[in-house]
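Scroll down for the structure; my scribbles are underneath it.
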Amino acid sequence: MLILRGAPALSAFRHSKLLEQLSQKVPAVSGLYAEFAHFAEVTGVLTGDEQQVLARLLKYGPSVPVQEPTGRLFLVLPRFGTISPWSSKASDIARNCGLAKIQRLERGIAFYVAGEFSEAEAQLIADALHDRMTQIVVANLEQAAGLFSHAEPKPLTAIDILGGGRAALEQANSELGLALAEDEIDYLMNAFQGLKRNPHDIELMMFAQANSEHCRHKIFNASWDIDGQSQEKSLFGMIKNTYQMHNEGVLSAYKDNAAVIVGSVAGRFYPNPETRQYGAVQEPVHILMKVETHNHPTAIAPFPGASTGSGGEIRDEGATGRGAKPKAGLTGFTVSNLQIPGFEQPWEVPYGKPERIVTALDIMIEGPLGGAAFNNEFGRPALTGYFRTFEQSITTPRGDEVRGYHKPIMLAGGMGNIRDEHVQKGEITVGSKLIVLGGPAMLIGLGGGAASSMATGTSSADLDFASVQRENPEMERRCQEVIDRCWQLGDNNPISFIHDVGAGGLSNAFPELVNDGGRGGRFELRNIPNDEPGMAPHEIWSNESQERYVLAVGAADFERFKAICERERCPFAVVGEATAEPQLTVTDSHFGNSPVDMPLEVLLGKAPRMHRSAVRENELGDDFDPSTLDIAESIERVLHHPAVASKSFLITIGDRTITGLVARDQMVGPWQVPVADVAVTATSFDVYTGEAMAMGERTPLALLDAPASGRMAIGETLTNIAASRINKISDIKLSANWMSAAGHPGEDARLYDTVKAVGMELCPELGITIPVGKDSMSMATRWNEEGVDKSVTSPLSLIVTGFAPVADIRQTLTPQLRMDKGTTDLILIDLGRGQNRMGASILAQTHGKLGSQAPDVDDAEDLKAFFAVIQGLNADGHLLAYHDRSDGGLLVSAVEMAFAGHCGLNLSLDAVAENTAEIAAILFNEELGAVIQVRQDATPDVLAQFSAAGLGDCVAVIGQPINNGEVSISYNGESVFTGQRRLLQRQWAETSYQIQRLRDNADCAEQEFDVVLEEDNPGLSVKLGFDVNQDIAAPYIKKGVRPQVAVLREQGVNGQVEMAAAFDRAGFNAIDVHMSDILAGRVDLNDFKGMVACGGFSYGDVLGAGEGWAKSALFNSRARDAFQGFFERTDSFTLGVCNGCQMMSNLHELIPGSEFWPHFVRNRSEQFEARVAMVQVQESNSIFLQGMAGSRMPIAIAHGEGHAEFESEEALLEADLSGCVALRFVDNHGKVTERYPANPNGSPRGITGLTSRDGRVTIMMPHPERVFRAVQNSWRPDEWNEDGAWMRMFRNARVWVN
């Protein structure tokens, strides 16, 4: 084993944060130093050259002075017997660099902690420094040799039920954490006595996962009686009723990993499987929809819990039909009170929590980062979501109970696209190869399906922790690339059947695969790729290692499939083959036995059906009179409530522009305020049709009136999605995610009554279908604190997500008030028809109350009429701004519109209030509705259209936006409230700031918080030195000559398709080139005029951002020659964007005239930054930017390591003076800036793009390829037509070639 010291592992900011954490736990800690330690398993002795290559490979990241360590060593390593994702990628890079003697590289962190402390304190320090699921702590570097020890496989265990009877099975149930019910134990006893043998632990584990509540949805399929009355339908039966009543537009429901609905016809853009040339294929582009929850893991370990939640949902989409493509994601969180230190709110009463779960604040610091990190690295934009906190002591017939979300809701969902011929699964022929695609087996996430089916606190803490999986998004990206290559083959798609691997691991996925395909299967356990050879058979078969799919590929298609996997460097293995008889057999060649041999019907057959008996309980509630409250104080409380406050901290961490198909994200208008009601994507790059997603949830209402909470969730979804241009309400399809504390008094009846209200009544009345959903039935947390039994139980929680095809993405409405459209009116549409019910409102919650009357959907016809009128007004161009009324009521809707419009408000309540006692209820009730802005001269016509639709009583003019920064509300000429917009907006932004300050670099958080106070901030703007609508490449395109550009990617790159689309539009033939093509000599760069290195996370940014990719080009002789030859050709051009920019900057020794280029390192905020930033094009030789110098315009930013670090002050000066700086960040006033967030990475002198001296090679961190169409821009000037400003850059390259 070789030991190589690495660079310091912590930035100054992370160092001081960790030191503070440690000294809080152990006050004796006086100092801390951390550095990476690398370990190499080698065969033979490395030559001098090989040592040099290895040393350069392991030098990565920012330049930080290395210290001589002092203090006690805590060496954190991957768990012995495992291979970390870092190791597999770094080892791949080493092999690609020609280091054949390196068997494996592994990395640890050496923490040196100064101070005098006891062994018990040392244990506390060790606990704080590692993740016990995947890591261990040792005391010296030599002990790392254990990383490369090879463990012996553990044997199979039989459970002696023939000798020990039922008691033996009960003991196994408890020890293995199987969560089997009494009748299931009876069922298994009968089954194995019938087979005349003892079951193996692997078979019991497999049965428990496959038959857990999590996988089988027993409660939703159960028979019911309520108050002694037998009920006709199951819960699932009532959901399916929506499909039986209205199934038009639904292509697949209830039977696959996601539902599929009809989309639009468009030119789907992808590389031709034979020629690898990108092009558009005109075809129906159907929409798939899915929303998952990952609540249990997120309570225990929020980052991996939320991360693998997003990863699992992405796999569900990819594994739909015969393979599909995920497109856009959403994330939601519901937690208990945050209790932010120093920012505790008056309604937050501390109640405590069990040891085994983390605090609500920790969930909201770590969880969103996990979800965002997976989506970012996979390459899926995160475009909408919700965040709610609720925790309150409620008086019930049994005394006081705390209701809240100690077991959180973590929602991960999204939509994708699928080809018409792949919507239905294919046929599995006998002899088909049964394949696992993706990562290796590891001992993580064991028993997750069963664990998540229990109330938190009823299983052991170790089992809880063991059931959380860990993530490797770059592996999932490789799998998706394989799936993409397969569906792009159309009728020749080699995949006949595919499932994702989720709860229960392969033990659930493979039996489900063969059973759904009407077959049995024979499997060999030792064919499963395994990074933990010491595992027992049941651990190999049932672990929930992530990023895996199982599929059936016909024998005739196998070679083609194998070639695709090898090109994408995606691991796969043939584990078994399909058999005609429905028997499940798993052999083990190591031990020469058969751990599983059973008929499929024993595993998946009719285990006993559950029956539920429920009793209705009187609804809860208390008295709440808002009329006595101080309005100004009420506004501040409501604006601080997390459900209302700015969600900025959740949004800027997630890439929202990847794919180049995003038409509407959360951030709205020139000031980029996070208030959008709906997310919208384009079908493809050549049309204006698209897809919309929006969410609705009103969970606290369920405590007052559960069916009302369900109806309101659907109502809110519709008032949100109404902001997009949808032809008719029945085009909208819903996903319903149900969370309940099943078995808690009153909750089962609330669940049944709410499903009935939604499935049998409201949805059929609206003509809307629910083709997909998910349930989580154990939403309670119980623990004992100093002898006192405590519990927190969630309200019944229905989270609804709406999906729909969009007729015209250009007509999406936003809440931004327009001050450039003359005199305008604000109109309130109140679907509550003046009832102003205040039950469970945010105002009530901020005073520790529930109220008594819940808002509700009283008449489905009102909702239908509202939707139709809004769509008509939008189609006619009458609506300037739109915002639904939701949490916080009318007051919040109106001020959020003012925040987005950077203006004031003059509101009068004369038309809606009858007396002063009603004012608070009118401002803060959360009945369904919306506020719209229309031109004053159109107001009479707009009101008349609502009247004609039967909504005349619901509409009233409530005021006007005004150009000064004042918000004033009056009634009968008397002032009700007056305040400054910027101060209200600061109150609204403060909760987000407080979390950001704890999570990220606090200086950056403060700078962003201060921007809100800038009254004179002009927002984003465009100042161009060229005509955006002129196509300067047109004369060359007309000649029909299309030069070839190599669209270069490496494993983990995810931005290639939009890059190809931009070059294609500019008149190039864009060709898909993988680094594996260059390393294998399949592609010759001499065939290309241009090369572009795309954005993403090559090798998951192992060995530094873009550095592994660059080094596999520098240290592989064939690749080095190819790149060097290309760069030296004077007729060639090169572009590197984001990860491609980082990669190219590390190739500067091959690129003439780039010797002073910087290295790109971690952003100053220490966070992934996804924003729209202003840049100014500099005077330079860049062939891409000719004729654009001096232009200022917005551009998409999405990176975690974009800070330009120059080798020296002299190099920075040289870059500046040589005319090689191509782009700089500027603030909204047009001044070059280093200030956050206008400069999101803190690069010196605003530098974010550079060129070589002759201008042929240009690198930049921003993403012009995501905003070349006008509709791709989060904000754009009204006068832009089809092209965005950045299209000019690609056309410049086409002109240069000629």
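Every residue, even glycine, has its Cβ placed from backbone N, Cα and C.
Annotation source Swiss-Prot lists active site, nucleophile at C1138, citing sequence analysis. Residues or ranges marked as active site by Swiss-Prot on the basis of sequence analysis: H1263, E1265. Residues or ranges marked as Mg(2+) binding site by Swiss-Prot on the basis of sequence analysis: D677, E716, N720, D884. Positions annotated as domain 'Glutamine amidotransferase type-1' by Swiss-Prot: 1045-1298. Under the heading region 'Disordered', Swiss-Prot lists 301-328.
Location within the structure of each feature annotated in Swiss-Prot.
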| residue | record | DSSP (3 states) |
| --- | --- | --- |
| D677 | Mg(2+) binding site | coil |
| E716 | Mg(2+) binding site | helix |
| D884 | Mg(2+) binding site | strand |
| C1138 | active site, nucleophile | coil |
| H1263 | active site | strand |
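Taken through DSSP, the region 'Disordered' (301-328) splits into 17 helix, 4 strand, 7 coil. Between the alpha carbons (Cα) of E716 (Mg(2+) binding site) and C1138 (active site, nucleophile) lies a span of roughly 38 Å. Listed in chain order, the residues near the Mg(2+) site other than D677, E716, N720, D884 are V678, A694, G696, T717, L718, T719, I721, A722, A723, S886, A930, each with its Cβ within 8 Å of the site Cβ centroid. Put simply, of the binding-site residues D677, N720, D884, the one whose Cα is nearest the Cα of H1263 (active site) is D677. Taking each of the recorded positions D677, E716, D884, E1265 in turn and counting other Cβ atoms within 10 Å of its Cβ gives the largest count for E1265. Taking CA atoms as the reference points, D884 (Mg(2+) binding site) and E1265 (active site) are 33 Å apart. Rounded to a whole number, the distance between the Cα atoms of E1265 (active site) and D677 (Mg(2+) binding site) is 26 Å. Within the same chain, residues 131, 133, 252, 256-258, 260, 288, 290-294, 358, 362-363, 365-371, 373-375, 378, 380-383, 410, 412-419, 422-426, 445, 465, 468-471, 473, 476, 479-480, 483-484, 486-487, 493, 495-502, 546-547, 549, 659, 661-662, 679, 681, 691, 693 sit at least 6 positions outside the region 'Disordered' (301-328) and bring their C-beta atoms closer than 8 Å to a C-beta of that stretch. Taking the Cβ of N720 (Mg(2+) binding site) as centre and 10 Å as the limit, one finds 27 other Cβ atoms among all the protein chains shown. Between the alpha carbons (Cα) of C1138 (active site, nucleophile) and E1265 (active site) lies a span of roughly 11 Å. Predicted-model confidence for the domain 'Glutamine amidotransferase type-1' (1045-1298) is 98, expressed as mean pLDDT. Annotated pair N720 (Mg(2+) binding site) and E1265 (active site), C-alpha to C-alpha distance, rounded: 29 Å. Candidate active-site residues: C1138, H1263. Fewest other C-beta atoms within 10 angstroms, H1263.
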